[in-house]
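Visitor: First the structure, which I've put down as structure tokens, then a few questions once you've had a look.
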Amino acid sequence: MEAFEAVQHYFNMAADELELEDDLRPLLALPEREITVQIPVQMDDDRLVSLIGYRVQHNRARGPMKGGLRYHHEVDLDETRSLASLMTWKTAVVNIPFGGAKGGVAVDSRAISKREKERITRKFVDEVHELIGPDKDIPAPDMGTDHEVMAWFVNQYNKYAGFNPAVVTGKPVEHYGIPGREEATGRGVGILTIKALGRIGRKPAKSTIAIQGFGNVGSHAAKFLSEAECKVVAISDLSGGYYNPNGIDILQAARYSREHGFSLAGYPEAETVTNHQLLELDVTVLIPAALGGVITCENVDRIKAKLIVEAANSPVRPDADKVLTERGIPILPDILANAGGVTVSYFEWAQNRQFYQWNLNRVRGELDHMLSTAFEQVWDLAVERHVSLRTAAFMVGIDRVARAMRLAGQA
Ligand SMILES: NC(=O)C1=CN([C@@H]2O[C@H](COP(=O)(O)OP(=O)(O)OC[C@H]3O[C@@H](n4cnc5c(N)ncnc54)[C@H](O)[C@@H]3O)[C@@H](O)[C@H]2O)C=CC1
Ligand SMILES: O=C(O)CCC(=O)C(=O)O
């Protein structure tokens, strides 16, 4: 099943549960607009390389469209479409006034220099600047992009549109960004993991955690959870997995990674495992925080975790989702679990529109409040309707978007 088909599958399960009218379904499920652009870039060695970039604008019934920009060699239209659709349901689940979009460039972000990355970003803006904007579509960081990419992005956009910091979020704090955006997705994953552990009757201090991916999301989730007294026993990145049953010192691992070009290769305080083996460890919580599609029908029978928290987008394929649900293993779905990032992006956008600087305490407090509200709503609905947490989250999201479309006379 392709990535967008998988999201459609989850959408339809929730739409059936909501008894959503048939004629409304394609309107809600399919993207409003899909953009594919060619990005010719002069590489450092003078070669002219032509890359392909995408922006899929999925739905704007509840506000300007919102979603990250991914630089990864596997980016394609189908994946971008699936991620854009997830953004529509995610912004609705946490009830922020945005729709959904996603973008990306098919390029290996680790194989390009900083200057090449800057040129790619500026060219991409040249191609899409008329279609984005603070009231239209607001990009943000995702895999392979960060605050620096966002700073180049806004700088290039401003050449067309004048001073407009709210055109992207996840900017450097020194450049109209908001304190706490960088940690927000991982922190949100941590907050929600602790809440879910409470609901399944497990104490953080007696819980072990395995996290796949030690980038922005994985490293901040690891930090939050180890500060909350959980034992993070396994972490990983592209170089492989690192397992220590006595617990990994996350601050030390983060320092090691920073000092080694953001790689854990050779990390000494743990035994090495593969990224596949990490997923199958006997832990309380498994947190995939890297790529999509890592838990499939092929490995699902070997998954031993008692709770899965989807920090990455779409890490569990529908066939595996079905097996895990039948086994009674709760999965905190991506559209709730990793919504901390877009929630703080909303604070950043609001801050930019108000020209009023928020402080870190306010950001953390409001993030906690908004995620907790969404969590309680989704968990209670799942219990009430005897559906999975994923179906409940989609139901909350779809219901809000459908109402907005009906009220505006769009449906
Ligand atoms: N950055 C954000 O605010 C948000 C990110 N996400 C999702 O979280 C996931 C991670 O994103 P970021 O942390 O921002 O990306 P990142 O680029 O900062 O880090 C990605 C991490 O995954 C590792 N990785 C890459 N390929 C891998 C592979 N094949 N096997 C194992 N590890 C691999 C990298 O080495 C790195 O540690 C993505 O699915 C993204 O869509 C979701 C919501 C917001
Ligand atoms: O912060 C944002 O606007 C985008 C976050 C994102 O791309 C995601 O939640 O997958």
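Keep in mind that glycine also has a Cβ here, set from the backbone N, Cα and C atoms.
What TrEMBL records for this protein is below:
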type	residues	note
BINDING	Lys66, Lys90, Ser345	substrate binding site
ACT_SITE	Lys102	active site, proton donor
SITE	Asp142	site 'Important for catalysis'
BINDING	Thr185, Asn216	NAD(+) binding site
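What does the local environment look like for each feature on the list?
Guide: DSSP assigns Ser345 (substrate binding site) to a helical segment in the three-state reduction.
The Cβ of Lys102 (active site, proton donor) lies under 8 Å from the Cβ of Arg55, Val56, His58, Gly67, Gly68, Leu69, Arg70, Thr80, Arg81, Leu83, Ala84, Leu86, Met87, Asp142, each of these being in the same chain and 6 or more residues away along the sequence.
When secondary structure is read from DSSP and collapsed to three states, Asp142 (site 'Important for catalysis') falls in the coil class.
Residue density at Thr185 (NAD(+) binding site): 29 other Cβ atoms are found within 10 A of its Cβ, drawing on all protein chains shown.
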Visitor: Taking the mean position of the Cβ atoms of Lys66, Lys90, Ser345 as the substrate site, which residues outside that list, in the same chain, have a Cβ no more than 8 Å away, listed in sequence order?
Guide: Gly67, Gly68, Met87, Thr91, Ile96, Phe98, Gly100, Ala140, Ala339, Gly341, Val342, Thr343, Tyr346
Visitor: In angstrom units, rounded to an integer, how far apart are the Cα atoms of Ser345 (substrate binding site) and Thr185 (NAD(+) binding site)?
Guide: 10
Visitor: Round to the nearest Å and give the CA-to-CA distance linking Lys90 (substrate binding site) with Asn216 (NAD(+) binding site).
Guide: 19
Visitor: Could you list the residues of the same chain, at least six apart in sequence, whose Cβ is under 8 A from the Cβ of Asn216 (NAD(+) binding site)?
Guide: Pro141, Asp146, Glu182, Thr185, Gly186
Visitor: Where the criterion is a Cβ under 6 Å from an atom of ligand 1, which of the binding-site residues Lys66, Lys90, Ser345 meet it?
Guide: none
